[in-house]
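Peer 1: Sharing a structure, written as structure tokens. Questions coming.
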Amino acid sequence: YLDHGLGAPAPYVDPLEPKREVCELNPDCDELADQMGFQEAYRRFYGTT
């Protein structure tokens, strides 16, 4: 028996995605993220992730 009403499960949601988007909108944070990674760049601009 297949339940066709539910479809595929929802993809995993990254809890840091909203912060990643904030960093991407700041050109300086985005550039730093390319060099050292998003979490370190975000920490330097906005504090802890």
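Backbone N, Cα and C define each Cβ position, glycine as well.
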Peer 1: Among Pro9, Pro27, which is the one flagged in Swiss-Prot as 4-hydroxyproline?
Peer 2: Pro9
Peer 1: Work out how many Å separate Glu24 (Ca(2+) 2 binding site) and Asp30 (Ca(2+) 3 binding site) at their Cα atoms, rounded off.
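Peer 2: Computed Cα spacing between Glu24 (Ca(2+) 2 binding site) and Asp30 (Ca(2+) 3 binding site) is 5 Å.
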Peer 1: Among all chains shown, work out which of the recorded positions Glu17, Glu21, Glu24, Asp30 has the most CB atoms within 10 A of its CB.
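Peer 2: Result of the Cβ crowding comparison: Asp30.
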